[in-house]
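Have a look at the structure below, then the notes.
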Amino acid sequence: MIIWLAELLQPYFSFFRLFEYLSFRAILSVLTALGLSLWMGPRLIKRLQLLQIGQVVRNEGPESHFSKRGTPTMGGVMILAAISITILLWANLSNPYVWAVLAVLMGYGAVGFVDDYRKVVRKNTDGLIARWKYFWQSAIALIVAFALYAYGKDTAATQLVVPFFKDVMPQLGLMYIVLTYFVIVGTSNAVNLTDGLDGLAIMPTVLVAAGFAVIAWATGNVNFSQYLHIPYLPHASELVVVCTAIVGAGLGFLWFNTYPAQVFMGDVGSLALGGALGTIAVLVRQELVLVIMGGVFVMETLSVILQVGSYKLRGQRIFRMAPIHHHYELKGWPEPRVIVRFWIISMVLVLIGLATLKVR
C-alpha cells in the first residue's frame, strides 16, 4: 500500500524513493511487525484473561504442564494481525505471491481459530474434529496449489530444485499440485505438533522465515539466481517483506511467550504460521531445503509417526512420550533446557539449509 503512495509522491519528494528499495522495506517490515506485536501483546493478554480464554491441558500430558492450565491462549491472533497489517503496508500488493501467502495464512488461521474456540469454550482438548480440520486444510492447500500451477505452468515456477546438485531441476507438471499440497498441509501440522513448550515453535519459525528471506531475495535477483544456479523468479523478491514480517511478529510474540509463558499462540497461530512457511517454500522452489531448515519440525513429526507406528505394530513405545520434546522432559530435562537446545539445533539447520545454495 505504502509503495503505491510513494510512487505518486516521488516526483515531488525524493525521500519517497527509499521505498523502492527492497532492503529498506524489509527493515521497516521487521520493525513494524515487532512494534505491533509488542503493542498488542499486553492488551490481548488482558482481554483473554477477562474472557477466561485459557489453555486446556491434557490429563495424560507431563505433570509439569498442569501449572500451565488457564494460561491465556489464542495469542496467534496477535501474530496474524501484526503480519497481515505489515504486509498490507509495506509489500507490493500487485504481487500474486504475496496474496498466496496471505490466503494460506488467514485461511489456516481461521481453521485454527475455530479449533481453539471449541477447546476453550467447551473445555475440550480435542477441539475441532480431526477430519474437519484436515478437510479445510486440504481444501485451502489444493485451491492455492491449483491456482499457482495455473499461473506458473511449465515454467521455472513449477520446477523442483534438488539441493547439492547444480542443474537438477526437473519439471514437475501435475505433480507440482501434489507436492504443494503435502508441503503446505505437512508444514502446518508439523509446526502445530512442535508448539508444546514455551517458545519452542515460534523461534524455529522465526529462524526459518529469516532463512527464506535470504533465499527469496536471491531467487528474485537475476544475477544471484544465475550465480547460485537456482530458478530466477521475479515475483519471489517481494516475499522478503513477507518473511521479515513473520520474523518481526514472531519476535514480538516471543517477548510474551518465553518461559514462563504469559500467552500461548494456540492452533490459530501454529497452523497459520506452518502453512505460510510451506507456501513460501513452494513459491521459491525450495521445498527440500525446508526439510533441512525446518528439521526441528520434521523431527517432532517423525517422533509422533514412529511412536504411533511402533505401538500399533509391536505394542511398544519408542519414546517416553511424543512429540519428542515431551520425551526429554520426562527424562528430567528442565523445560528451558529443552527449548534452548531445540533453538540451537534449528539455528544450525537453517545455516546448513542456506549453505546448500552454494554447495552444489
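Cβ coordinates are placed from backbone N, Cα and C, and glycine is handled just like the others.
Here is what Swiss-Prot says about this protein:
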TRANSMEM  21-41  transmembrane segment
TRANSMEM  73-93  transmembrane segment
TRANSMEM  94-114  transmembrane segment
TRANSMEM  132-152  transmembrane segment
TRANSMEM  168-188  transmembrane segment
TRANSMEM  199-219  transmembrane segment
TRANSMEM  236-256  transmembrane segment
TRANSMEM  263-283  transmembrane segment
TRANSMEM  288-308  transmembrane segment
TRANSMEM  338-358  transmembrane segment
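In this chain, the transmembrane segment (73-93) does not touch the transmembrane segment (132-152); fewer than three CB pairs sit within less than 8 A of each other, excluding pairs fewer than 6 residues apart.
The transmembrane segment (94-114) shares more Cβ pairs under 8 Å with 236-256 than with any other stretch in the list 21-41, 168-188, 199-219, 236-256, 338-358.
Against the transmembrane segment (199-219), the recorded stretches 168-188, 236-256, 288-308, 338-358 differ in Cβ pairs under 8 Å, and the greatest number is found for 236-256.
Taking Cβ pairs closer than 8 Å, the transmembrane segment (338-358) reaches residues 163-164, 197-200, 203-204, 207-208, 210-211, 214-215, 218, 228, 230, 259, 289-290, 292-296, 325, 328-329 in its own chain, all 6 or more past its ends.
Same-chain neighbours of the transmembrane segment (73-93): 1-4, 25, 28-29, 32-34, 36-37, 40-41, 44-45, 48, 53-55, 99, 101-102, 105-106, 109, 112-113, 116-117, 119-120, 238, 241-242, 245-246, 248-250, 252-253, 256-257, 263-270, 272-273, 276, counting only residues six or more beyond its ends whose CB sits under 8 Å from a CB of the stretch. Tertiary neighbourhood of the transmembrane segment (168-188): same-chain residues 104, 108, 134, 137-138, 140-142, 144-146, 148-149, 154, 156, 158-162, 231, 270-272, 274-275, 277-279, 281-282, 285, 287, 290, 294, 297, 301, selected by CB-CB distance under 8 Å and a gap of 6+ residues from either end. When Cβ-Cβ distances below 8 Å are used as the criterion, the transmembrane segment (288-308) is approached by residues 160-163, 183, 186-187, 189-191, 193-194, 204, 207-208, 211-212, 215, 274, 277-278, 281, 317-319, 322-325, 327, 342, 345-346, 349-350, 352-354, 356-357 of the same chain, each at least six residues removed from its ends. Beyond the ends of the transmembrane segment (21-41), by six or more residues, the same chain brings 3, 75, 78-79, 81-83, 85-87, 89-91, 213, 217, 237-238, 240-241, 244-249, 251-253, 255-256, 262-263 to within a C-beta distance below 8 angstroms of the stretch.
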